[in-house]
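What follows is one structure encoded as C-alpha cells, with my remarks underneath.
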Amino acid sequence: MVRDLVVRVVENEYIITFTGYFSARARHSFITSALHGSGVKNWGLVPRLNPAKNYPSDFEVVKLQEKSDEGLEALESHPNVKRVATHKKLTRTLKYLKVKPKASSSTVLNSPCVKTKSTSPDSWEQSFHSSRPINRKSLSLAGAFWHSPVRHRSRNLLRAIPRQISSALQAEILWSMGYTGANVKVAIFDTGLAEDHPHFKRGRIKDRTNWTHEKTLEDGLGHGTFVAGVISSNKDCLGFAPDADIYVFRVFTNNQVSYTSWFLDAFNYAILKKINVLNLSIGGPDFMDHPFVDKVWELTANKVIMVSAIGNDGPLYGTLNNPADQMDVIGVGGINFDNQIARFSSRGMTTWELPFGYGRMKPDIVTYGSQVRGSAMRGGCRSLSGTSVASPVVAGAVTLLYSAVLNRAHVVNPASMKQALMASAKRLPGSNMFEQGHGKLDLVKAYQVLRSYKPQASLSPSYVDLTECPYMWPYCTQPMYYGAMPVIVNVTILNGMGVSGKILEKPLWQPYTPQFGNYIEVAFSYPTELWPWSGYLAVSISVSKGAANWDGIAQGLVTLTVTSPPEDGEKSARTSTIKLPIKAKIIPTPPRSKRVLWDQYHNLRYPPGYFPRDNLRMKNDPLDWNGDHIHTNFRDMYTHLRNSGYYVEVLGSPFTCFDASQYGTLLIVDAEEEYFPGEVTKLKQDIDNGLSLIIFADWYNISVMKKVKFYDENTRQWWMPDTGGANIPAINDLLSPLGMAFSDEVYEGEFTLGEHEMYYASGTSIAKFPEDGLLITQSLKDQGYEVVKGESITADKVPILGLHEGKSPSRQGRVALYGDSNCLDNSHIQKDCYWLLSALLEFTAHGQIPPSFTEKKADHKTILLKNDLPERMEGNHLHRYSKVLENHLGAQRSRPLPACPHLVWAAPSPLNTSAPSNLVQHQKLLSISYDVNLPLVNPAGEGHPQGIRDSPAGTWEKLKASNPRTPDGATVYPYLAFMGTALVLLFVVNHMYKNKTRPRRKKPPRLRKMLFGGRVPGV
C-alpha cells in the first residue's frame, strides 16, 4: 500500500508562530498591533475548532484577503512573532500495488515514463501529485516484501513469516516478567480508531481526539487501526504493549486531507497530556517546514519519545523523510523476515547539511516492515508493508520497554531510549550504515541496557573506520591522500544527561604514534548548545604533508566532554567523556589526471524552493530533491568512476576556493545555482593553465517552465519554478569566455552512439561552440514544442555533444559539453551513460577521442546554431534560495564573494600506546550490563504474561503454535549445542572411568554398549 500526496499552499493563509504560549485574546492583540498601519485592512483568523481551542497556543492561522508583502513584513517584525510561514493543505491518495510473484525485480510498476496518448497541452500542467510528496504522507506498502532483492535469489532459504510480530522480537520474555505497557501513554497520529474495536482491551483507549474538520472520530481508512494494533492489540494479531494507555489523534480526514495547523494543535495537546511515546507513520522531505520541525523539537524537549518512519523511497539514497531525519527522533527503516534491508526503505544520508558539509547517519535502527500482520478496521487481521509498518513496531517495543523501567523513569528520555536501542541493535552483514543505521532492533538486549543505564552522552556512529567496507560506505571506498579535499564525517551527539548541554572546552585530538596517527589532521565544528537531547560534531579529516608519498593505515582518537545542568537534587553539573576512534587508509597522492572534482556548491534542490524535475516525463516525481550528490542520486556514477580508477572529491565552496593545479577535470552536473563573476574569471584562467571541464546540462525553457507550474484548482494558486532542470543562463555565463553556450530547446529520444543505446531525457542542445571543436548531432523529438503546442515533431541534426581542445593541448585544458544529465542520475535513469563519462574523461585527461565520435562528427556549416541564447525568467525568486544572488531594490544582483572556508586543525596530543586492533564492536555505553537475569517464558500458571492472561482462552497457545520458529532464535542454538555436547562428553568420561578398574573381558563395542546396553551413568 502506497500513499501519494497532493500538496497545495493555501492562498493567502499564513501560520504565525509566536515566541511563547499565549491566550487567544493575546494572540489576536499581537496580530492586530502588527498589521496596524501596514495597509492590510481585511484579514481574519482561521477558526480552529478542536480540543486545543481552550488552551494557550503558540501559533495562529491568519487569512489575508489579498497578498501583501508589507503585511507579512509587519507580522515578522513584531517582537512576539517568531516566524511567518505559508499554510499547507495536503491530500493523500491510497493505492494498492498488485505485484505478480514471478515478476522480475527490475520490473517498473506504473512507470511514470510511459508516454500517454494525450496531446492536450494542459496535460503538462498539474497539481502536485508525487511519489515523494512535499509534505507529510503515510508510509506503507502492500506486498512490498515482493520488492525485496532477496526474494529473487534462487536457492535461498527464507525465514518463515511469523503470524505474530511481537513474537518475532521475543516480546513474550518481557510479558512473562509482568511488563505489558501498563502506565505508559502512547499517542498514535493517524486516521483514527474505533472506540469498540475488539482487538483492544476495554478501558485502554484513554482518549480519542479529532483534529480535522470532519465530525467523526472513527477510522474510515484502516491505516490508523493497523498502526494502533501493531502497538497495542490484545487479540488475534498481537501488539507489543496491550496494557498501554492509547491516545488516538485523528489528523487525516476520510478523504486523506490534513493541514499543517492540525498537526501543530495536536502536538500541543500531546504535550499537555504528557504523552510518553508518539508514533508518526508519516513523513515528507520538507525539513525546512519550520513550524512543523520546531514543534517536533518542542515535543521531544518535553520528554516525548517520537518514533517516525524513515520513508519508502528506496533503494535511492538521500531520500530520508522528515521528521525521522531529525537527531532527536528515532528514525526507523524496514527489513524483511530474511533480515535483509527492504527495497522500499529509504536510504541516507541526510541532506540538511548539503552543499556545505556532509549528511548524517540515518536511519537510526531497522526492524521488520514487510508483510507484518496487524489489526484490520472491523476486526480480524491484515498484512501491510512499508516503513509505516516498521515505525509502530519500534513504537510498540519502546512502549513495552518504557513500562519495564518505570521504576527508573527519571533516566528515560528521547536520548537514553535511542541510545539503548542503538547500543543493543544487531548489525546486519552486507549493509552499510546509511541503509541500516546501527542495525536490527533487539528488544531483549535493549531491556538489559535500560535496566542498568547511567545518564551519559554517546556518538552515532561511535567510531570512524574509513577502511571498513561495506558498513562505512562510502567512506571506505576511496583512500585518503595529501592535497585532497577534507573528508567530512558528521557525527550525531546524543545527550542522555539532559535536554540541554554543551561541549566542554574543545575536542582533543590524540594521534596514536605507533599507528602513524601524526599523518592525520582533524578539525572540528559543533554547536554552542546541544538541544534538544542532541547535537552534532562535524569532523574534517585530512592528510598531512609528511604523508604525500606514504602508504599505510593511520589511527587516532578524538576525546570530548559533554556537560549538562544538574537535575533535581543534584548539586553539580553532569558530565560525560566520550571517545571517537578514527582509522584511515592513506596512499601517495594520485596523478592529476586521475583526480576529478565534483561541483556540489552549485547544486540546488527542494526544499526550500521549487526546482523542477530533470525528466519532464516523470510527472509523478516533479521536484529535484535528492541532494544531487555523488553519494545520493549519483551513487552509481561515483561507483563507476572509482571502479575505473578515478579519485572523486567534492567541492562545497566557490570555484575561487580550490587549487586547480591539483585536478585533471572539474565535473559540473545539473547545476541550478548562479555563479559569482569571480568564479567565471577564475575558471577561464584555470582552463588556460591545464584544468579540463565536463558539463552535463539539462533543459531550460521559459515557456516549458510556465507549463510545468503547479496549479491549485481550489485556491487558484500557481507555483512557478525558479529555474529549469538546470540553470542554463548561469551556465552560459560561465561558458561565455570559452565561446560556448547551451540553447533553450528541449529534446528527447533514443539513438545509438557507437555500440551504445542512448536515451536523451528532456535535454538541451548546444547553441554555440568553437568551429575547431567536434560536434555530434542526433535526430530527436522536440519535447519543448510538444509541451507548449501539444504536437510532436522531430528535429534533425540536433547538436548534443561537443568536445574542444585548445591550441596548446600540452598546457591548456579541454572542454566537453553534453546536454542531458538524466543518464547519470539514479532518480530518473533509463539507460545509463557511464561509458560516455569515461570516454569524456579519457579525452580531457589524454586527448583521446573514440572513433565512434569522429565518425559522427558533424560539419558546423550544416548545423543550425541559435543566435538567441536563453534568458532568465522575469519575476523569478531564485534570490530567496541562492547563495550567490540577493535582492536589491527589487532587482537581483550578485552577493559579495564569500571568504573561502578556513579550517583550524586541532593541535595533536600524541598517544604512545597502540590503537585497538578492532573498532568493530558494540557501541558500549558506560555502566551497563547485558547480564540482567531473564526468566524462562512459561505460558501457563504464574509465569503467564499479564497482557495475555486477560485474553480469550487459547490466545497464548495460538501464539505459540503460530510461531514455531522465531527469526531471532538462532542466537539460542549455539548455547543449546554447547550444553548438549558437554553432557555427552560428561557421559562418555564418566562411563570410561567406572569401567577402568574392571577385569578385561570380551564385550560388545563401546559405542554399541553405550547406545543400546549397560549401565546408564549418573550425571
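Just so you know, glycine gets a Cβ as well, placed from its N, Cα and C.
Bear in mind that TrEMBL entries carry predicted annotations, made automatically and left uncurated.
Note that the structure is a prediction, hence the values are computed from the model and not measured.
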Which listed span TrEMBL calls region 'Disordered', if the choices are 86-107, 108-129, 856-877: 108-129
Average pLDDT across the domain 'Membrane-bound transcription factor site-1 protease-like N-terminal' (9-87), rounded to a whole number: 88
ASP190 (active site, charge relay system): tally of other CB atoms within 10 A of its CB: 27
Residue among active-site residues HIS223, SER388 with least C-beta crowding, 10 angstrom cut-off: HIS223
Residue pair HIS223 (active site, charge relay system), ASP190 (active site, charge relay system) - Cα distance, angstrom, rounded: 7
Summary of DSSP states over the domain 'MBTPS1 third' (460-589), given as helix, strand and coil counts: 9 helix, 68 strand, 53 coil
Integer Cα-Cα distance in angstrom, ASP190 (active site, charge relay system) to SER388 (active site, charge relay system): 11
